[in-house]
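Quick notes on the structure that follows.
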Amino acid sequence: MESSPDPTMETTNSKPPGIRLIESMKKSSLSFKSYQVIVLILTFFAYTSYHANRKTTSIVKQALGPQSPGVLPSLQWQRNITPKPFRDGWLPFDGPNGTAMLGDLDVAFLFVYAIGMYFSGHVGDRMDLRIFLTAGMLGTGLFTALFGVGYWANIHNFYYYMLIQMVAGLFQSTGWPSVVAVVGNWFGKKKRGLIMGIWNAHTSVGNITGSLVASALLKYGWGWSMVVPGIIIAFSGMVVFLLLPVHPEYVGVNKDEDEVLSIRKEDEEVNEPLLREEESAVGFIQAWRIPGVAPFALCLFFAKLVAYTFLYWLPFYISHTAIDGRYLSNEDSGNLSTLFDVGGVVGGILAGYISDQLDARAITAASFMYCAIPALYLYQSYGHISMTINVILMLINGVFVNGPYALITTAVSADLGTHRSLKGNSRALATVTAIIDGTGSIGAAIGPFLTGYISTKSWNAVFVMLMGAVFIAGLLLTRLVVAEVSGKIQELRSQRSS
């Protein structure tokens, strides 16, 4: 039976205006592979701009918060330390409670982001993702820029910045479910881990870009570090509106045979339609019941707690820690912190490749989690000795912290969103992605929030919290790891017997 588009798709059953223009100039339709390339490039740069805007706050935080006029108490035992030069912060963040207030901004943004994620996935499965993503990018750009406007408007009201961050978090929540759902629509499970591992470099590339741009502009006034990234994501949103093809059926092409087969059980017939008639979006509770969704979502809660603590506090930590006897400037601290994300790019690709080769997502994710524990300990204990040691250990932490985070939010989410229990229903991707990343984002809110308070007492305690979080994240995957190991053993036995 030939599949027919869902009624809710009727309003979007046309090609984006930019695609129509390209095809009219070519005087021929684009191939399926060409559409795949367009989807990967557009979603990559779309989410790069999301993370670039998210990262700016951690750079600006150094200029807003209380500055250290001399050696920190925890480092007074070290000799020959060059004191950190005194600089004024920005009222109201430059007082004794300034660090905690900056932590409150983080949790306000991330809490709304996490809650918004659940609704964004639900809405995203029910409307045109191109329009939804464009609106999210324009809104993100507007409210990121409005945060920076506080510099020129001389705004010193804490609640102004908190409100701006909360609304920005709501718009930011539209990004991840949308881009994963679009990519999932165009790519089957075959080599999904490697493809999405490479594609997921947008997170680290966005963090690096945001850090470098914001750090470079900081000397002209911290407002520029917010406004310029806001303009960039707004421009990117318009490109997405003009060019992004959301689904093969929307542009009149069919998936390649290997893409169709890759999301089916081996014993299913090839002529079964990928989209069934009267296909309806999967409900929130039904999505939670998909095998593997709950453990991976809870695992990501703790994984993102660690990753986002680094995202929001690493530049601040570096600028307040003497490395080889001297403190770095705000700009140098922001630039150095990008190496964590360089390691994250490697970790995401490596985790995706290994999980593809082993066909074992849980084993790969848990292994990286456990390796992150000694990596965190070594960075906290020995990162201050020299710049070389700091760089090496920061890269290693980026690999093991961001590797499983990238794997779970991309390949695992896409796998579960096309799980065989859904019987071919393709309209669960955004909901499943939102559940997993939304749960993770609650942890992402808690980590920076706790760090804002704990760091005023001891950074050692912060690292203990992070090591405990990755340990729990690994434990939460134990049942899935055991199942994967058992499956591998049975597979080996069957091969030997045959």
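Including glycine, each Cβ sits where the backbone N, Cα and C put it.
Predicted, not measured: the structure shown is a model, and the values here were computed from it.
Taken from TrEMBL, the feature domain 'Major facilitator superfamily (MFS) profile' covers 42-486.
The feature transmembrane segment is assigned by TrEMBL to 30-50 (among others).
According to TrEMBL, the feature transmembrane segment maps to 100-119 (among others). Here the transmembrane segment (100-119) has long-range neighbours at 57, 61, 64-65, 92-93, 158, 161-162, 165-170, 172-174, 176-177, 284, 308, 312, 434-435, 437-439, 441-442, 444-446, 448-453, 456, meaning same-chain residues at least 6 beyond its ends whose C-beta is under 8 angstroms from one of its own.
Through the fold, the transmembrane segment (131-153) approaches residues 12, 46, 49-50, 53, 56-57, 120, 123-124, 160-161, 164-165, 167-168, 170-175, 178-179, 182, 221-227, 229-234, 236-238, 240-241, 244 of its own chain, all at least 6 residues removed from its boundaries and within a Cβ separation under 8 Å. The transmembrane segment annotation in TrEMBL covers 131-153 (among others).
Taken from TrEMBL, the feature transmembrane segment covers 159-187 (among others). Same-chain residues lying 6+ beyond the ends of the transmembrane segment (159-187) with a Cβ under 8 Å from its Cβ atoms: 35-36, 39-40, 43, 46-47, 50, 53-54, 57, 104-105, 108-117, 119-121, 124-125, 129, 132-133, 135-137, 139-140, 142-144, 146-147, 150, 195-196, 199, 244, 246-248, 255, 259, 409-410, 413-414, 417-418, 426, 429-431, 433-434, 437-438, 441.
Within its own chain, the transmembrane segment (199-218) has Cβ neighbours under 8 Å at 40, 43-45, 47-56, 58-60, 62-63, 183, 224-226, 228-229, 311, 315, 330-331, 334-335, 337-338, 341-342, 344-345, 348-349, 352, 398, 402, 406, 409-410, counting only residues six or more beyond its boundaries. For 199-218 (among others), the entry in TrEMBL reads transmembrane segment.
Look at TrEMBL and you will find 224-246 (among others) tagged as transmembrane segment. Tertiary neighbourhood of the transmembrane segment (224-246): same-chain residues 12, 15-19, 35, 38-39, 42-43, 45-46, 49-50, 52-53, 56, 59-60, 128-131, 133-138, 140-145, 147-149, 151, 182, 185, 210, 213-215, 217-218, selected by CB-CB distance under 8 Å and a gap of 6+ residues from either end.
Sequence-distant neighbours of the transmembrane segment (293-314) (same chain, 6+ residues past either end, Cβ-Cβ under 8 Å): 54-55, 57-58, 61, 106, 110, 207, 287, 337, 340, 362, 365, 369, 372, 376, 397, 401-402, 404-405, 408-409, 412-413, 416, 432, 435-437, 439-448, 451-452, 455, 462, 466, 469-470, 472-474, 476-477, 479-480. Annotation source TrEMBL lists transmembrane segment at 293-314 (among others).
The feature transmembrane segment is assigned by TrEMBL to 334-355 (among others). Packing against the transmembrane segment (334-355) from elsewhere in the chain are residues 58-59, 62, 193-198, 200-201, 203-205, 207-208, 211-212, 214-215, 218, 310, 314-315, 318, 328, 361, 363-365, 368, 390-391, 394-404, 406-407, 410-411: each is 6 or more residues past its ends and has a CB under 8 Å from a CB in it.
Residues 296, 299, 303, 306, 347, 351, 354-355, 390, 393-394, 396-397, 399-401, 403-404, 407-408, 412, 463, 466-467, 470-471, 473-474, 477-478, 480-481, 483-485 of the same chain sit 6 or more residues outside the transmembrane segment (362-379) yet have a Cβ under 8 Å from a Cβ within it. Residues or ranges marked as transmembrane segment in TrEMBL: 362-379 (among others).
Annotated transmembrane segment per TrEMBL: 385-407 (among others), in sequence order.
Positions annotated as transmembrane segment by TrEMBL: 428-450 (among others).
Marked as transmembrane segment by TrEMBL: 462-482 (among others).
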